[in-house]
Amino acid sequence: MKGDIGVIGLAVMGQNLILNMNDHGFTVVAHNRTTSKVDEFLAGPAKDTNIIGAYSLEELVEKLEKPRKVMLMVRAGSVVDAFIDQLAPLLDEGDIIIDGGNTNYPDTNRRVASLKEKGIHFIGTGVSGGEEGARFGPSIMPGGSPQAWPAVKPIFQAISAKTDAGEPCCDWVGNDGAGHFVKMVHNGIEYGDMQLITEAYQFMKDGLGLSHEEMQQTFSDWNKTELNSYLIEITADILGYKDEDGSPLVEKILDTAGQKGTGKWTGINALDLGIPLTLISESVFARCLSALKEQRVAAEAQFGKAIEKVSGDKQEWLDALRQALLASKIISYAQGFMLMREASDENGWELNYGNVALMWRGGCIIRSAFLGNIRDAYDANPELAFLGSDPYFKGILDNCLAAWRKVAAKSLEAGIPMPCTTSALTFLDGYTTARLPANLLQAQRDYFGAHTYERVDRPRGEFFHTNWTGTGGDTASTTYDV
Ligand code: 6PG
């Protein structure tokens, strides 16, 4: 019997995806560069299953049904290229290579194009949900060669997470690197959600002086509101977790955050496309700032910094904090979807935003009830430019605004760093201001560099230069925007 799909890479994600595929009745051929891992897998987790081992790429290819589907679950970057180079000569036209790693989407664009010349289809897919997701139902975001989708669809949709209504959290995202792009934005949003939660935690702990039991309870309570999500749920668990000596383990963890790059790529992409993705970018910088541990320790001593206690009714503050978190989260997703729209237009991907929200509804790290509402918003209006304008989300923003301002102002007064919560509010203030001070900025640019400006009393597209000092010339520099 031949295999339905081959998987290369037997680290935890690869193994768990294979076991998941096997559970759903697919025959999987498993390969790993260090072949002893194949034996260990077959004798261990894959014992008494239909999983077949392959000790070389030739054997893997030989054991697969046509069109062959080979999924790489290896480290993103040069390792993927190396496997593609070895695999391609062994494959036939119409066969499919799938990359399930956290690849930067321009690499996927390149691979789709170069394999197309050889008649081989390539899919770059986001897979989210960590070890457990891979084993029991991840969110899967495939994009690449559309011809490959019908062959892969039954496998991916079977193994993916399902919404409460039974819909698979997996659908075709779009051409080229669209799947990896959407996974990248997912991860950026993941960074933002996590940072917002940590800001609320610091406000509770250092501002309000809450105990870990109280904080655990608060996050559990929040999980029963619109904030219901995997990340809020695990935060409650983490805050309740005790180390061997009975004290909260979280306080023994060094406060320097790591990162593998997907949040950074999201920020870089936003800068490239000119989208004000402030919240996710702040969350990346917050991780960078956290990494400067020694400098921060020295600076705290030098500046005599101390966070002021926040006085007043704790329950009232906690409710305000919940509203600030919820409203900020809306801004983060609104910005993320703005970025996706711009990238979709730029690359001709025709992303379906309702479908993206559906794919994130279950299985992935940012899964939440909230994504169901986002899906409804884009299904109702696929052209929605700003998520906050959807009636449901606008209602929340309106209701939360006063509490959000109160928390943001208090954080600044008390010295509690809340870059994402405050910048989200600043973004909304900017976005809802018809006239910003950029007129002055344009005047400055024209003053020192003859960069020209447009006028409110003349049609757009007419450019003017003023000789501001009387000593400058009348010659304007060329007008172009990047
Ligand atoms: C997922 C996650 C995952 C990511 C980790 C680590 O969707 O399952 O996004 O893909 O690799 O969250 O990311 P950082 O190391 O950058 O925090």
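Cβ coordinates come from backbone N, Cα and C, glycine included.
The secondary structure of Lys183 (active site, proton acceptor), as reduced to three states from DSSP, is helical. According to TrEMBL, the feature active site, proton acceptor maps to Lys183.
Classification of Glu190 (active site, proton donor) by DSSP places it within a helix. Taken from TrEMBL, the feature active site, proton donor covers Glu190.
Per TrEMBL, NADP(+) binding site is recorded for Gly9, Leu10, Ala11, Val12, Met13, Gly14, Asn32, Arg33, Thr34, Val74, Arg75, Ala76, Asn102. Within the same chain, the residues at least 6 positions away from Arg75 (NADP(+) binding site) whose Cβ sits under 8 Å from its Cβ are Gly101, listed in sequence order. Under the DSSP three-state reduction, Arg75 (NADP(+) binding site) is assigned to coil, being neither helix nor strand.
Feature annotation from TrEMBL assigns substrate binding site to Asn102, Ser128, Gly129, Gly130, His186, Asn187, Tyr191, Lys260, Arg287, Arg445, His451. Under the three-state DSSP scheme, His451 (substrate binding site) falls in the coil class.
Taken from TrEMBL, the feature domain '6-phosphogluconate dehydrogenase C-terminal' covers 179-469.
All protein chains considered, the CB of Glu190 (active site, proton donor) has 21 other CB atoms within 10 Å. When the binding-site residues Met13, Asn32, Thr34, Asn102 are compared by Cα distance to Tyr191 (substrate binding site), the shortest distance belongs to Asn102. Around the Cβ of Lys183 (active site, proton acceptor), a 10 Å sphere holds 32 further Cβ atoms from the protein chains shown.
Among the recorded positions Asn32, Asn102, Glu190, Tyr191, His451, residues whose Cβ is positioned under 6 Å from ligand 1 are identified as Asn102, Glu190. In this structure, the C-alpha atom of Asn32 (NADP(+) binding site) lies 58 angstrom from that of His451 (substrate binding site). Ranked by Cα separation from His186 (substrate binding site), the binding-site residues Gly9, Ala11, Met13, Thr34, Asn102 are led by Asn102. Cβ-based neighbour count (10 Å, all protein chains) for Arg287 (substrate binding site) stands at 17.
Summed and averaged per residue, pLDDT over the domain '6-phosphogluconate dehydrogenase C-terminal' (179-469) gives 98.
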